[in-house]
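S.K.: Swiss-Prot lists 1-41 with the feature region 'Disordered'. According to Swiss-Prot, the feature topological domain 'Cytoplasmic' maps to 1-98, 164-299, 350-783, 835-854, 950-963, 1019-1035. As annotated by Swiss-Prot, phosphotyrosine applies to Tyr7, Tyr10. What Swiss-Prot records for Ser27, Ser463, Ser601, Ser840, Ser954 is phosphoserine, and it gives similarity to another entry as the kind of evidence. Residues or ranges marked as K(+) binding site by Swiss-Prot: Val340, Ala341, Val343, Glu345, Glu797, Glu822. Annotation source Swiss-Prot lists active site, 4-aspartylphosphate intermediate at Asp387.
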Amino acid sequence: MGKADNYELYSVELGPGPGGDMAAKMSKKKKAGGGGGKRKEKLENMKKEMEINDHQLSVAELEQKYQTSATKGLSARLAAELLLRDGPNALRPPRGTPEYVKFARQLAGGLQCLMWVAAAICLIAFAIQASEGDLTTDDNLYLALALIAVVVVTGCFGYYQEFKSTNIIASFKNLVPQQATVIRDGDKFQINADQLVVGDLVEMKGGDRVPADIRILAAQGCKVDNSSLTGESEPQTRSPECTHESPLETRNIAFFSTMCLEGTAQGLVVNTGDRTIIGRIASLASGVENEKTPIAIEIEHFVDIIAGLAILFGATFFVVAMCIGYTFLRAMVFFMAIVVAYVPEGLLATVTVCLSLTAKRLASKNCVVKNLEAVETLGSTSVICSDKTGTLTQNRMTVSHLWFDNHIHTADTTEDQSGQTFDQSSETWRALCRVLTLCNRAAFKSGQDAVPVPKRIVIGDASETALLKFSELTLGNAMGYRDRFPKVCEIPFNSTNKFQLSIHTLEDPRDPRHLLVMKGAPERVLERCSSILIKGQELPLDEQWREAFQTAYLSLGGLGERVLGFCHLYLSEKDYPPGYAFDVEAMNFPSSGLCFAGLVSMIDPPRATVPDAVLKCRTAGIRVIMVTGDHPITAKAIAASVGIISEGSETVEDIAARLRVPVDQVNRKDARACVINGMQLKDMDPSELVEALRTHPEMVFARTSPQQKLVIVESCQRLGAIVAVTGDGVNDSPALKKADIGVAMGIAGSDAAKNAADMILLDDNFASIVTGVEQGRLIFDNLKKSIAYTLTKNIPELTPYLIYITVSVPLPLGCITILFIELCTDIFPSVSLAYEKAESDIMHLRPRNPKRDRLVNEPLAAYSYFQIGAIQSFAGFTDYFTAMAQEGWFPLLCVGLRPQWEDHHLQDLQDSYGQEWTFGQRLYQQYTCYTVFFISIEMCQIADVLIRKTRRLSAFQQGFFRNRILVIAIVFQVCIGCFLCYCPGMPNIFNFMPIRFQWWLVPMPFGLLIFVYDEIRKLGVRCCPGSWWDQELYY
């Protein structure tokens, strides 16, 4: 049934009734396993229901419990004592992390620690060599300083990004009302809201925020907006009556920080500050620990591999060096050199810059990223848990269907509502429109004539706002039309009568009759009618028309829409002459025998772009789950309209209805879709929820509490999913914080949701998430290419030391030279790969599996190290031996030459031609070899960056010049190489020497070989999917 027949507060239960709660069970399970601690135990306890019974107590019992008076309030003395005992009515901020600790964390990550160790070794080597008067001591000093600079600069960049994020608790503090009207000792006055205590008697009116959790004692037409707390778009009635055993569903409790829309109310404060529901949510959100992002896990995994290999090879070289007679100091220098060669010093900067670039790209598309690592996480997302109100929907009630003249007509629910197509010539329609316009207390805020009708601000509740805007769009000047029918009497809507009635004089001064109009719950309105208006004629309301009404009502209610009935009655001049004194207390006018005009249904409609966005998510293998505090029928209807429940999918209830069998006789695995409400979720075992998520691909959770949203996210994560949570309300903030990535709405989103989220959609458009997913997948793809490019040169940087120790040739490559490769020439091409376009439709691929699809996997390492890296090593040694031979040192003579070459006292070492070389001349030649090997690596790296443009498609298909940043980076790389080679002063500072032009040409055939070799690899991958070739060579 639709929601017109009841104006109940939907459940936001925090946990269990007598049967216990899923969060509580999970808490017990975790404790039994030995995990937890006080922080976790406290967090789990927050997921339990607020154990209060104030809503069930009589006024006298409340007075006794809180030592207060329902008429005079607390005494000032007792209020002061309670304030001293309980503290102010404010949210307690959590202990913040000191800024120096945040900065220190940026300097102490896995890769940073490895670089600190390398820098320390360099400093130790420099100190020892300096004490011995070694001529090459400056190398190690420069190397140490460069490594420290890299760590500090990248740490400062990361700290700056973190510094821009705001503390989550600040948004909740913004929700605290400034003033509250309180009665103490019988005197009414205003105080700061943070001075309220339990037992205070307070008053509130339309436009006020509820200053605490309040037990309602008296109310007149009071309605509150719980959308920021529960996710519902409809206003909720507040009254003194206890309507539900749960304190969170009864109408006689008003929640702290919710907005009072209209009417007045008086009540007793029963909870303040952190003990209120909003306080518990604030504690829950700030208590949820930040989970590591997938990209952080991937980088840690990569660092572990690199650190292990660096230490393994470094220790091996150290032992070998000691065994063959090197001193401890020289062996430590080898160890340090291997670490420096293996640690990709530029990777830290590369990853940070790549993520920043993509974040800026997303910002241009209305996606603001607060946490850089969240960029890639969104691309890894396999499940999106989306709030309904304001995220999938427009967060405004809109007239969607009308039933008059025995036909259901569809209204336009798009953002501009400009396409009303139903017949507006019928006399019945005119009568219905007259009733819905006059029987309406909502009004436009003045000064909005130039504002489009759907965007105008209206003073009134959501339903009446929808009716007023609909009337304005169809009639024209609705407020002017209303003025032509002056109101003389009114009965506001209340939960007992469930109708609103008003009496008006007619616009024609010659017609002295009065017009009575009524709207309300359809069945309540119909029972007061004796006739029905059909095509302008009043017909008896017989059984046939009652069945027609029931059919239409069930049809609209089944769509999850809120349905209202409308009727009217012309009061005769004889019985109700002009100036007649209508009395709403005495009811001296008829309220039965009315004429039924029709039905109007309203819904918070989906955004126009959402269905297509959901379809794209489905195509990309991403599961969209709706999690809302709204009614199950409404949630299911919206889910079906946007494609979360696809066409033809059935729930267990749908199958039972189709087969006409009880629900318990249906195999749940036959149902593709499933709708679970909060009460059902509360009684489910954790394993049952996980099984439901595994069994039903299409899931909708309705009437859920903030804590249950958190449990749902945790259950999805237990299935191995990377979970994104979208939302805009306060109720969403704990789940936003817990999720792998939280996505908040920028326009309608609360400050709490924005601060809890990792990403903010500035246009509140769910469809923008699809853009984020695509960019996230692209950044992972490009990071993979960048890392593959970065790793390749590790082999040509490592093998010179291997040959140096094992074959005893003069050292081909110096540590400072390696650092220039890492931080100067190669960082620009590496970063430029972040600008590379997607090589195929990545939105047709399934999300990556974090356990299988690693950033650095075996095929990538094998291909980079042992294939492309090996070719680059051959190129380097070819160029090295060429340069040595042209200066008189043939390859065979170089073997075993190292001891004599490095002997400071030997000043007449003969080359292959018999020429004698001093130590200074030999050192000059060694620096020349450093430069030659450096240039060889750089020439091969140009070919390497070109092949890294794609992993599967041919480079010719991708295009060589589409990525202009990469072309510029290659040119810049060559310019830096020339500068280092030919700039005066370089030999004395960084050990770079001018080299002959032909030595630049030696590595070029190897670069061509790299390109051709990779094109053959890609051809095999494309032609033989699933084959050994594909599995081993596709990284």
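Every residue, even glycine, has its Cβ placed from backbone N, Cα and C.
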S.K.: For Ser954 (phosphoserine), list the number of other Cβ atoms lying within 10 Å of its Cβ atom.
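M.R.: By my count, 14.
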S.K.: Let's see if you can do this one: DSSP helix, strand and coil counts over the topological domain 'Cytoplasmic' (950-963), in that order.
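M.R.: Split into helix, strand and coil, the topological domain 'Cytoplasmic' (950-963) gives 4 helix, 0 strand, 10 coil.
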S.K.: Using DSSP with the three-state reduction, classify Val343 (K(+) binding site) as helix, strand or coil.
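M.R.: Once the DSSP labels are grouped into three classes, Val343 (K(+) binding site) ends up as coil.
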S.K.: Quick check: of the recorded positions listed here (Val340, Val343, Asp387, Glu797, Glu822), which one has the Cα closest to that of Ser601 (phosphoserine)?
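M.R.: Checked the recorded positions Val340, Val343, Asp387, Glu797, Glu822; minimum Cα distance to Ser601 (phosphoserine) goes to Asp387.
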S.K.: Check each residue in the chain of Val343 (K(+) binding site) that is at least six apart in sequence and keep those whose C-beta is under 8 Å from its C-beta; list them in sequence order.
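M.R.: Listed in sequence order: Leu111, Leu114, Met115, Ala118, Ile306, Ala307, Ala310.
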S.K.: Taking helix as H, G and I and strand as E and B in DSSP, count the residues of the topological domain 'Cytoplasmic' (1019-1035) in helix, strand and coil.
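M.R.: Per-class counts: 11 helix, 0 strand, 6 coil.
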S.K.: Where Ser840 (phosphoserine) and Glu822 (K(+) binding site) are concerned, what is their Cα separation in Å, rounded?
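M.R.: The Cα atom of Ser840 (phosphoserine) is 30 Å away from the Cα atom of Glu822 (K(+) binding site).
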S.K.: Between the modified residues Ser463, Ser601, Ser840, where is the Cβ count within 10 Å the lowest?
M.R.: Ser840
S.K.: Hey, how far is Glu797 (K(+) binding site) from the residue listed as 'active site, 4-aspartylphosphate intermediate', Cα to Cα, in Å?
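M.R.: The separation of the Cα atoms works out to 52 Å.
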S.K.: Rounded to the nearest angstrom, how far is the Cα of Glu822 (K(+) binding site) from the Cα of Ser463 (phosphoserine)?
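M.R.: Each residue's Cα considered, Ser463 (phosphoserine) and Glu822 (K(+) binding site) end up 64 Å apart.
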S.K.: How big is the gap, in Å, between the Cα of Asp387 (active site, 4-aspartylphosphate intermediate) and that of Ser954 (phosphoserine), rounded to a whole number?
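M.R.: Distance between the two Cα atoms comes out at 42 Å.
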S.K.: Using a Cβ cut-off of under 8 Å, list the residues of the same chain at least 6 residues beyond the topological domain 'Cytoplasmic' (950-963) that approach it.
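M.R.: Tertiary neighbours of the topological domain 'Cytoplasmic' (950-963) are 781, 784-785, 832, 835-837, 839-840, 1011, 1014-1015, 1018-1019, 1021-1022, 1034-1035.
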S.K.: Within the topological domain 'Cytoplasmic' (835-854), how many residues are helix, strand or coil going by DSSP?
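M.R.: Grouping H, G, I as helix and E, B as strand yields 4 helix, 0 strand, 16 coil.
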S.K.: Could you pull the average pLDDT for the topological domain 'Cytoplasmic' (950-963)?
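M.R.: Looking only at the topological domain 'Cytoplasmic' (950-963), pLDDT averages out to 88.
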S.K.: Quick test of the contact rule: Cβ under 8 Å, at least six residues beyond the ends. What residues does that give for the topological domain 'Cytoplasmic' (1019-1035)?
M.R.: 784, 788, 857, 859-860, 862-864, 951-954
S.K.: Provide the three-state secondary structure of Asp387 (active site, 4-aspartylphosphate intermediate) computed with DSSP.
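M.R.: DSSP call for Asp387 (active site, 4-aspartylphosphate intermediate): coil, neither helix nor strand.
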S.K.: List every residue in the same chain as Val340 (K(+) binding site), at least 6 positions away in sequence, whose Cβ is under 8 Å from its Cβ.
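M.R.: Listed in sequence order: Ala118, Cys122, Leu143, Leu147, Cys815, Ile818, Leu819.
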S.K.: For Glu822 (K(+) binding site), just count the other CB atoms lying within 10 A of its CB, please.
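M.R.: A count of 27.
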